[in-house]
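For reference, TrEMBL has these:
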DOMAIN    B:82-157  domain 'Acyl-CoA dehydrogenase/oxidase N-terminal'
DOMAIN    B:163-271  domain 'Acyl-CoA oxidase/dehydrogenase middle'
DOMAIN    B:282-451  domain 'Acyl-CoA dehydrogenase/oxidase C-terminal'
DOMAIN    B:467-591  domain 'Acetyl-CoA dehydrogenase-like C-terminal'
There are 2 protein chains.
Amino acid sequence: MPSYRAPVEDVTFLLNDVLGIRRYDNLPGFSDASDDVIEALLNEGGKLAGNVFAPANLAGDKEGCTRNDDGSVTTPAAFKKAYAAHIEGGWNGLSVPEEYGGQGLPHVLNTAISEFASGANLALAMYPGLTQGAIAALLVHGSEEQKQAYIPKMVEGSWTGTMNLTEPHCGTDLGLLKTKAVANGDGSYSLSGTKIFISAGEHDLSENIIHLVIARIEGAPAGTKGISLFVVPKFLVNEDGSVGARNGVSCGSIEHKMGIHGNSTCVMYYDGAKGWLVGAENKGLAAMFVMMNEARLAVGVQGLGQSEVAYQNAVAYAKDRLQGRALTGTKEPGKVADPIIVHADVRRTLMGIRAFNEAARALALWTALQSDIAHRSQDAKERQAADDLLGLLTPVVKGVLTDKGFANAVEAQQMFGGHGYIEEWGMSQFVRDARIAMIYEGANGVQAMDLIGRKLPKDGGRAMMGFLGEVQTFVKDHGEDEQLKALTGPLQAALDDLQGATMWLMQNAMAKPDNAGAGATDYMHLLGLVALGYMWGRIAKAAIAAKAEGGDAERMDAKLVTGRFFAERMLPETALRLARIKAGSDTTMALAAEAF
Amino acid sequence: MPSYRAPVEDVTFLLNDVLGIRRYDNLPGFSDASDDVIEALLNEGGKLAGNVFAPANLAGDKEGCTRNDDGSVTTPAAFKKAYAAHIEGGWNGLSVPEEYGGQGLPHVLNTAISEFASGANLALAMYPGLTQGAIAALLVHGSEEQKQAYIPKMVEGSWTGTMNLTEPHCGTDLGLLKTKAVANGDGSYSLSGTKIFISAGEHDLSENIIHLVIARIEGAPAGTKGISLFVVPKFLVNEDGSVGARNGVSCGSIEHKMGIHGNSTCVMYYDGAKGWLVGAENKGLAAMFVMMNEARLAVGVQGLGQSEVAYQNAVAYAKDRLQGRALTGTKEPGKVADPIIVHADVRRTLMGIRAFNEAARALALWTALQSDIAHRSQDAKERQAADDLLGLLTPVVKGVLTDKGFANAVEAQQMFGGHGYIEEWGMSQFVRDARIAMIYEGANGVQAMDLIGRKLPKDGGRAMMGFLGEVQTFVKDHGEDEQLKALTGPLQAALDDLQGATMWLMQNAMAKPDNAGAGATDYMHLLGLVALGYMWGRIAKAAIAAKAEGGDAERMDAKLVTGRFFAERMLPETALRLARIKAGSDTTMALAAEAF
């Protein structure tokens, strides 16, 4: 059976040595997250993931969810105990303000813990994950009454949350939304319509489910300007806060999916369900985006989590499986064959995943830290810079970490040969589960378009200029450092490619927007490569410093080697991405639709 | 429900215009394959695939195979009728010599038909596919008596074949084989042992199953030098050719796999099963390789087949799904939104798959044609050149067409957004089914090692020099052709990269074999890119000629655009592959196994 060990040591190193979390002790909540608190949190979160979530993963996949005739949904038996342990630990409220029952700790810690949970058991981690998204939306846009009514229960975990956007004919293009809301005259609305792909829409893990639903109020403008956000509880909430009558929302069916079988993906029927407006009328999209942006970061981290767990199990197999002899001569003469980790092609695969995972973890935490700074700093300039980075990097974290996370799960599965294709080994599940992360919360092509069409031109390109400047400064400051040259040289070349691509787009995409569309995905990955390369630069710098200060030399040397592997073999992909972008859209768009 | 339309027109164009099949009418069987015969075969094979195999695909995945308590295995209900239609059409014997009931037609036609079958329904196509592999091994290594006893029935399809190599502890490293064979004194042997991952090992589609099994004769040398090949029928065959007593071979269990659910993947128990030696004692590996090489080409074609069917369904969805508006302005003002095929990022995806598929089809057919020439030509030099190419390209066709075939199925699935993740749409099945092709018949890393370790250095690199020379000649001959320049320029650059990589390996892999291992997969893909680019060169040349002769200008222009897309966006990947190879193995191998 596959296993999972949370990368606690690596996260600790990233928070302390690479990101310098102590530099932010002036921000609310950070000084509460003392070194001891962080250590305890990571260790406990790691244990929960490794000892409780992970053992329920394969069973959850096999058993899946069942919709019963009465419309209720039964989740896998193994999930109940694990979810109970999760809420007992109070994990939902880690970064929620204390006034709503949370601990008010930095979001960056939450991100670390969510990697552990989603690496160990993605289908299970989605239930609290969606709850946290719902909390985030209510925190920003809900009324005080709504916050008090819903958030503490969701922090407790006795209630869970969902987000209801998609309809059968309406995915990315939310302007096509049909679900209707009719004012009841008492401040509430009656919602009617069908929502699909609703994760955790109906299940037996919590006493109540708080649906956040976008709908169109009767008479609202067409398109995205007429969308409002509503909170629609499965059970109405009595004045005293207790659970009341059943609302007019039900699960019509559950989907048969490629993976995340343990998560109930529901078709939800709203049949005059009672709901209350969250935020202003017709401003639902902006409110939903709070939830979406938070969710997009979290989904990127899911991609990393699957990449990490697949890697760990591939490593264990590669050390254990005896097959063939090393090209450089027998390594284990006492055994019938050498373990396959001696083979260079196996090593190449493992090093490639590892070199991605460590930098991707740094990138996810760095991005989450921007969220903390953007929301908690007293300094307007600092807030703006952080918000710029957060906006720019969110689609990159979502798109690149899930594309590569999935590809890495496939590569890790490949290490098992035929055994990788057999469900009992668990590698197939990692691949099937990782696949969803490329799709939900905005398919990765949509992330690329968001990056190139919104985030890049916003404020005259200020966010991108800030990022390019930061990386350039790093390279300049450390370009003469002999120990870092193996990284800074290739990073400069990659940065030049990114600058070249950005310039080319500025010159060629305004007049011909398809040039942007045809290059969007390549641009997202190009930016991702530079960001990961920059993370490797910072990791290497911190590793060298840690060694000098007497840190674990073996572990730090391994990081330096892995960073060089990234620089030699992975960063040069930027040139290919640039070539593709510069090819423009002529051949891409030349054929008539009928010619396909 | 997904559908499949066999690319009959494209195959016809490739056979006639690109590969010039009529130039080989001097080879046995080719003149029988007149233009009319080819047309009829492709049309009939296409109809069988599209109308019979494809409709059984989703049902086969859902129903899967069941092992019953008596050890029998029930295949999906929908497969029976489809298999009956297959054998009624006589498809198993297409390229089998007439003396054994076949039609003696060129193998290249068989390859075209097998793309149709495996594109339409991979799990079903595997049953006849394995039968054809067994026929091939018996044709080359079987005694005349064995050929007469088994081949006609397998051509009929009333008996099927299997290959039994893998054991729990023994995959790629066949030297670890434990299954024993003890001589009975009457010319037969008793076989005992366990084989795993045996596709079509037990099922209810045929009256008898002819297992080809590798085992170690008592007292044989250890390692691969002591392996012999046996034929072990499920039911012994009476003197009159009828089916007799049950043999001591049975299915212990069937595997729960990620995909190809309709194919029964069995654990086979050999418990004193009666078998007969095929070929010479202890020469089983060579005999098995006949089957393996044939199978490797066929598996490459499976990768292409899944890429094609996934592409076709993605195109249909992209034309149908309305979502958003084109960046260049509304295209369908009468509809609520434009079909997503207007979006450049969707186009990029579809063009990328298409540009691969057409060249991959050319490469597979060209390689199969080498097999025909190598086996049928009267000219020793011609035979040698064809055999060189066949050997060199077999691991490339297997490795590259399945790696890219899977990646393309994933990309096609992505076009569907959330719907792609739902099993009912069928896209998940294409991904799950395509995944196996990267693994079986030698995982793709093993293909890369076969290429770099065996095929490349063989005969002083003669095969590779022949290939490089052929591509260079094409570029030289057409480099001044204005219509072809968009292809020949990038092809020359790619060829230079391949030559550079080959040179680097010659200089750096002898002294340090890990440099070969660390670069093997990149080298395989680099060679694949050049081979596909060369195919595009030949396709473009043929398309220009066809246009000049009054052929379908629209279809030919589409090919020219698609070829340019390949040259602009896909061929430049060779530079990245070269950079990775030249990075060598230092960072790849630097860490101790314990550091992972």
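Every residue, even glycine, has its Cβ placed from backbone N, Cα and C.
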Ask   = Of the listed stretches B:82-157, B:282-451, B:467-591, which one has the most C-beta pairs under 8 A with the domain 'Acyl-CoA oxidase/dehydrogenase middle' (B:163-271)?
value = B:282-451
Query = So what's the average pLDDT for the domain 'Acyl-CoA dehydrogenase/oxidase N-terminal' (B:82-157)?
reply = 97
Task = Taking helix as H, G and I and strand as E and B in DSSP, count the residues of the domain 'Acyl-CoA oxidase/dehydrogenase middle' (B:163-271) in helix, strand and coil.
result = 7 helix, 56 strand, 46 coil
Request  = By DSSP assignment, list the helix, strand and coil residue numbers for the domain 'Acyl-CoA dehydrogenase/oxidase N-terminal' (B:82-157), in that order.
outcome  = 60 helix, 0 strand, 16 coil
Remark   = For the domain 'Acetyl-CoA dehydrogenase-like C-terminal' (B:467-591), the DSSP residue counts stand at 107 helix, 0 strand, 18 coil
